[in-house]
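Reviewing the structure listed below.
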C-alpha cells in the first residue's frame, strides 16, 4: 500500500492546492489523506450536495436494475449521470485522462468524499449506506480504465499486483478459456490476467468465474475490480471510524453541526419554490388529484375532502404543494376557508388564525420566508403521529391497506402488487415512479424526487410533450446555489429545500398558532372522523447484510487530525 505518512509529509511542503494535486494523481482515488484546503460554507455545502446527488442517482440505478450485467448497469448509470448534468463525475468515468478539466474534477471528487464522511460517520445505518454507494461509484470509475490505466493505478498506490507474463499465460491458456465465460480466445490472449490468493476473491471462486490452482486464483481484468474494491472498501470503513472520533471537535461550530446533520435528508433536485406552471384554479384540484397528484398529495387531498380537517403538518405539506403548482394565495385562502368551515372551524376563527398560517406559507407574514414545498425525502422522513395524514403512504401504510387504496385508484391487482413490492423493500420513490407509469401508461425516463416534479411530468405527459428534454433543460438552467435570500415584500428565491438543506427553523409563531388550533379542533373531532384519519405504520423488515472485512493497514488517528495539518 502507498506510504501515506511519506505522502503526507511531501504534501505539506506545497501550498494547499498543490498538495491536493500531489495526493490525487489519478481519476480513481483511494481517498487516503485528508485534504488541506480553505473552503467557504457555501463551497462546502455545494460540494457535499453535488456528491450526494451522484450517490443517490447510483442507488436508484441499482434498485431499478438489480439483476443486469455489469456492462448494462454501467451503461444505465452513465446515461443517468449525463442526463442529470453531473459533469464532474462524467469526466471521471472516462478513464484516466490528465488535463486541467480532469484535475478540477478530481479536486471536487476528493473534497466532497471527505466532507460526506463527516455527515455519514455518525451511525451504523448511515455508514452502511455511504459505503455501499461509494463502492458503486468506485465500480463505475474503475470500469472505465484501460489496461494501461489500471497499471498506472497500481503503480500510483504501490499495489503489488503484476499481470501474468506471456509465457505464464500461455502455459494455462486452455484453463483460462474454460473458466472465462463469453470471451473469445483472441480477447483472452490480449487481456491482462492477475494472480491473487483465492481468499481475496471468494465470490469468484464460489461462482466458478476464475481458474484456481494451488490456492492461486487467475482473474481477468473485469474481475480484478473485486480485489481492488475490497481494499477500497476497507479504507472507507476505517476512514469513517476516524472521522467519527473527530466529529465532536468539528461540531463545536454550530454551522457545521447543523449542516452535517441535515445533509442526508437534503433535497438535491430542481427548485419548486415558485410556481412555473401558471395559475391553477382550485376548481380543477379534484380532477388534477386523480392523475397529476402523487400518492402522498392525493391521500391528503382526499382526506381533506372527506373530513374537512387536517392537522398542521398536513396543512403545511399540502399548502406548499398547491402554491408550487400555481394556486394563488387568494385562491388558497378561499379553498381552505370553504373546506375547514364545513368542519369544526368557525369562520371567525379561520379568518383570525388559520388564514395567517396560509399567508405565512406564501411568505407574506412573520419572517416573510417563501417556504419551499416538501421534497420526497422531506415527505418520507417527517414523523407521523395518530390521526395525521401527511407523509408518504407508500411508507406509512401496511401492504394490504396500500394495495386496497391502489386498486381503488384504478390499478390492476398485478400493478398494485408491483408498486407495493417496491414499497415493501424501502424503494418508495421507485414505487412512486411505477405508480406514475401505470396511471399515465408511459415509461418514466427519470426518477421521482419531488411531488411537484411528479405534477410537472404528469402535465407534460398528458399534453403530449417530451419530458426528458424539458427536464434536461431545467437542470442546465437551474443551478443550485443552496442558499436563501429573503426580502421585505416576501419575494424570495430559495434554491434547494429550505426546510432540509440549510436547516431553516420554521417560524415559531406559526407553529405555536397551528398547534394550539389543532388541540382545540381535536377535542371536537368524533371517533368516526378519527377512524378515517388513522393510518397504520408499516414495519418494513430491513435486510442486514454485513460488509466483508479484510485485513488492511490500521490508520493512526493523527493521520486524520485536520486541526494539526496547518502546523
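Counting starts with 1 at the first residue shown.
Note that Cβ sites are derived from N, Cα and C of the backbone, with glycine treated the same way.
Region 'Disordered' is the annotation TrEMBL gives to one range among 304-343, 464-503, and that range is 464-503. Around residue 432 ([4Fe-4S] cluster binding site), the C-beta neighbours below 8 angstroms that are at least 6 residues distant in the chain are 294, 295, 376, 394, 448, 454. The binding-site residues under consideration are 296, 376, 392. Their Cβ neighbour counts within 10 Å are lowest for 376. On the 0 to 100 pLDDT scale, the model's mean across the domain 'DNA primase large subunit C-terminal' (286-455) is 91.
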